[in-house]
Amino acid sequence: MSKITTELLLERAVPRSTRLRKIETLNLSKLQLKTGDLDPRLFSRLRHLQKLDLSDNLLDKFPNSLTLPDLRVLNCNNNKLEDVTALKQFPLLEELTYENNVYLTLNDDYKVMFLLQNLRLLNGKDITKLANHVRRVNSRKLTSKVTAHWEKFFRDQLPEKYTAEQVKSIKKKFLKSVQTNVVYGPSSLSEFTRWRVKMIAEEFLAYSLGLELNSDPEPEEKMDEDEEESTESPRAAAEDVGQVVHIYDPLVTVAPSKRKRNNSKPGSGNKRSKSQANTEEEAEDVSAEPLHFLQCHSKGNSREDFKTQLWSCVFEPLLDCGARKDPIVSSSRTVATCGGESICLIDCETGTVLKKYKVATEEFFSVAWTTLTMVISDSRKKSHNILAAAGRRGIVKLIHVAADFCYGEIKAHKKPIATVCFSPTQETHLFTASYDKRIALWDIGIPDCDYNFKASQLLVLEALSIPLRIALVPTCPEQYLLAGCEGGCFAWNIKLDKEQKCRPFEAIFQFPDEDRGMTTSHRVDGLAFLNDDVIVSKSSKPGCIYLWSWSRSFDAKGKGHQRTVSAVILAELEWSTTDLSYLTLSTCPAKDYVFCGDEKGSVWMYNLSKYTTAWSSAKGKRSDKRIPPTQILKWPELRANGEQLTEILVNNVVSDPTFTYLVVLTSVNITAIWKKS
């Protein structure tokens, strides 16, 4: 029987308490406690515990799932501790003492300094300056050495097309070689260096090269399944692969008949008029197959969470292509997704969750990538991908993904941020659209080698209603911005050579309404450019997606602000007749594709390549009939705990620029990844 009971905890509380959840200080010293006495189920009820004294006991390690989310001070003096890596489960820890644990060394001091981002005092000494060096300078040096080792000795060993066995072999050789040959710092820290080198090397293989992380890591680097979500610790929480539910996982299964190549034709399963069904348009089968169905945004890592809404995803640009040079082709197979309290980076081919970031008090609505040229050691410059994420709290998080480091935040708005996007021409310019009916333009700056940065607000665009989607005009991204809002579609002049910092909209666009009239008052919850001129937008008018011309609708020479402009409609796309809002659309300009999900879990795909040439003509006429989808990908029969998932809304669907992968975000906490054959 465990020595620790509810009664003992209440009695040893300082002061004594009547309820576990009220305890903030707890003294469990001198009780001859062993590791097995620390019952995670009992400790999980100590939600507000801030100070814990476990000194003078017999502990040899910590369980991985004590779940003390508010712990700030921990005393482990005079125990038999052999390892400290489990302490990473206490991300808010500020003071830690573990003197007189004979098996712990200087290497363990460095490990906790790296793992615990908020740690200030270690064994009574202020370690702030040293810890910053360990987390930043040391990590940067080791990352550089690991990368150089790969480039010099292993890069050419991996063929362009490699088998699983080749990957396994080169991973094993590289990890062994890099831990043996990468040396940094004094010999007294060699164990810590090997520990960090292995960690960095595995991340390098998984993230930079798309090779899976070691699926059987050493116990010290493995997260427990029940580990509490991290709070706003700068260091991202690595997600246990066990929390990701794949299409082949017994928890969520797909009926075998539904896992074959998708050959659905336009309209199958969706009611349409006879005239629509009898269209002469021939359906094209793009042969997309489901690869993975992932449940990786669960609140508290719960496998029972099928309620978290997933909202935004964007593919990471490839560094060697230069994200600013050619955004159409510069993308990897890594996608960032957001929803609930977390952001995930997913390898679309393997379904591996490469990284996961959590903020327990946040609900993320939008993510965006940029590539910054940062100064590294020896004044050299190097390009790094930075991820911006924002949501309900109105705060933008800035994450240096390769370094696994959230280096800063911008308190952009006092109300939730609906969407964010970076300028394609100014790498530090970030637009944030908020529920406060404003769109702000920020210069996020470039962090220095110590991650110091300075953000500044450059512009505020006033909207009449909440902006939901924003898009920069491809031919003049530094001059005009479009926004789909709760109350219409608007355009602003965003040129920075003007003195006016706070600006009203310059144009509002009219569209046909259900009574065949024209209206400016409608919700626009989908907005994207198909090419330099053609805009795709979706409004609350049921069953319709409009394609219209920017250049022919907006006369840049027109005078006056807040002009009402009729959108020059080029065509209408046939879509679901649902009246549900916020099922947004996306485009793949390189392939002339439009994608939009519906209220039944299906994805409507439109190949418009045969129309775009005609639309580019100044005399291009509007298509008389609605254009049906080229294909509809039907949602498979997924089952969770033996029950079929129903009422699946597709909130967003995005392809990579080459239309190799299609990522589908749903209302039931499932990320679906399809691959074009």
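Backbone N, Cα and C atoms are what each Cβ position is placed from, and that goes for glycine too.
Straight from TrEMBL, the features:
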COMPBIAS  215-231  compositional bias 'Acidic residues'
DOMAIN    7-200  domain 'Leucine-rich repeat and WD repeat-containing protein 1 LRR'
DOMAIN    287-676  domain 'Leucine-rich repeat and WD repeat-containing protein 1 WD'
REGION    215-239  region 'Disordered'
REGION    256-288  region 'Disordered'
REPEAT    410-444  repeat 'WD'
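According to DSSP, the repeat 'WD' (410-444) comprises 0 helix, 20 strand, 15 coil. Tertiary proximity for the repeat 'WD' (410-444) is limited to same-chain residues at least six positions away from its ends with a CB under 8 Å from its CB atoms, namely 312, 323-324, 327, 365-373, 386, 388-396, 398, 453, 455-472, 474, 477-478, 481, 483, 492, 494. Confidence over the repeat 'WD' (410-444), given as mean pLDDT on the 0 to 100 scale, stands at 96.
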